[in-house]
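Q: What TrEMBL records for Glu80 is active site, proton acceptor. For Lys179, the entry in TrEMBL reads active site, proton donor. As annotated by TrEMBL, active site, nucleophile applies to Cys212. The annotation domain 'CN hydrolase' is assigned in TrEMBL to 36-307. The signal peptide feature in TrEMBL is assigned to 1-22.
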Amino acid sequence: MVPPRPVVHAAVFALAALQALASDTFIAAVYEHAVILPRAAQETVSPEDALALMNKNMDILEGAIKEAAQQGAHIIVTPEDGIYGWVFTREAIYPYLEDIPNPEVNWIPCTDPTRFAPTPVLERLSCMARNNSIYVVANIGDKKSCNSSDPSCPSDGRYQYNTNVVFDSEGKLVARYHKYNLFMSEEQFNYPKEPEAVTFETPFGKFGIFTCFDILFWEPAVVLVSKLQVDTVLFPTAWMNVLPFLTAVEFHSAWAMGMRVNFLASNTHNTIMSMTGSGIYAPDGARAYYYNMKTEDGRLLIAELDSHPRLSPASPPAVSWSSYASSVEKCIPDEHDFSGLIFYDQFTFTELTKPEGSITVCQKDLHCHLSYKMAEKREDEVYVLGAFDGLHVVEGQYYLQICTLLKCKSTDLSTCGQPVEAAQTKFDMFSLSGTFGTNYVFPEVLYSDVQLAPGEFEVLNDGRLISKTKPTKPVVTVTLFGRWYEKDHL
C-alpha cells in the first residue's frame, strides 16, 4: 500500500529536521568534585540529614553545570560518589538512596515530581538539566524492594545499587546504569544479577555509560564499544591513582586511544585517598585533563569533540598490535635480566645500560622490543624495559600483557617498578612494541610530574608506539598496556 502524499511529506520533513539537529561536533564538560563527606559515614542518619548533605554537594555541582552550559556545553559528567561520598555500611547508606525507575517510563522528574516515590535528588538533577538545557550525568544510589520468593533477595529485603543516571536537556531520565563490577570496598551495594549495556542516542552521537572499575572488564566496557559501537563513553569514577600505569589521566587517555572512542572521565577529588585526574579524551589524545595532588580544588573541564570519532579524519588507523614485534629476532634470556614487582605483578626487567640501542625482554609469550636514544645518559637515573604476561589477582582477577619503558625510583635496581613521579632524562627517540595476544592495547606516555603527551607520540599500524618530538620532555614511563579481556572467558 502506498502511503498518502501528506504522510510521505511529513516523514521526509521529520527526517530532515532530525538531520538538521545532528551535529558533527559537540561540546563536552566534566567536573572533578571535592566531595563534602558525611561526618561519620558508618553511622545511620535520618533521611532529612542525608538529603541536607546531598544538597550541599548538589549546590556545588549545580554551579558547575550552569557554568558549563553558559560556555556552550551539551553534556556534563559528574563523579562517582559525588553526591554523598563513600565508606558507608549497607545500613548507613540507605537514607541516601532513591528508587530510580526504568527510563522507559518516559519521565521528567522536574515537571512531575510526585509520579513515583519521593525522589528529591532525581527531581533536582532533572531541573538542573532542564533549566540549563544540558545533558546531566550523575552517580547516585538506587534501592529496589524484594521478598522471600526471590532466592537471592538480601535479608533486609532490598537490593542496593551503585547507579549512574542521565537526564537530557529537557530533564527527561534517559539512562540508568547499575555498576556491575564493584570495587572491593563497596560492601554497601549489591551486584546486579546480569550485566547491563546501557546506551542512548543524542543529536551528537551514540553514548554508552559505565562506572570506574567496570573499565577493566569485558562486560560492560568491551560490549559497549566493540559490539554496540558507541561513539562516546561516559565515565563517573572515584579513581585512586596507582603509578606507573594506572594513574587516572594516563590510563583513561590511553583507553580512549586504544578503543578509538571519546571518553568523558569525571573523578572525585580527595588527595588523602589519591583521588584526582579527570579528562575529556578523544582517540587521537587528550583534549583537556586535570591532575592535582597539591590542593583540594575541584575543576571544570570543557572541550570540543567529534560526534562520530570513527568517521573523523583525525581518528587513528586500526592497529595490528603484534605485527612489528613478531618480525623482530626473538629474545634469548640474558644474565642481566631480573625480576621486580609493579602493583604486585612479577615483571621481567632488563636495564638500559647504554645511551642508545635496541633491546628485547620476554615473559611467557610476550616479547617486548625497544629501540631508543637518550638525549643524555644520566648517572643518577636508571631506566628499564619490562614485560608482564599473566593474571593480575589483587583487587580483582584479570589478564594483562604489558610492555613498558620506565624510570626506576633510584639507581638501586630493586626499586624498579616502585611509584615515581619525577624524572629528568629526555629521549631523542623511542619505539616500543610487543607480541600481544590481544587487540585491546592502550598506549601510554607519561612525562615528569604526571603530565600527558598529547600529539607528541603516535602508534603505527604495525603496533609500534613511537615518539614524534625531539627531544621529549623528561620521561617517567612509555607503556603498551594490554588488557587481555578475551582470555577472562577461556
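Keep in mind that glycine also has a Cβ here, set from the backbone N, Cα and C atoms.
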Q: When you measure from the Cβ of Cys212 (active site, nucleophile), which residues in the chain that are at least 6 apart have a Cβ under 8 Å away?
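A: Sequence-distant Cβ neighbours: Glu80, Lys179, Phe183, Phe235, Pro236, Thr237, Ala238, Trp239.
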Q: Give the number of CB atoms, excluding that of Lys179 (active site, proton donor) itself, located within 10 Å of its CB.
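A: So the Cβ neighbour count for Lys179 (active site, proton donor) comes to 26.
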Q: To what whole number does the mean pLDDT across the domain 'CN hydrolase' (36-307) round?
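A: Within the domain 'CN hydrolase' (36-307), the model's average pLDDT equals 97.
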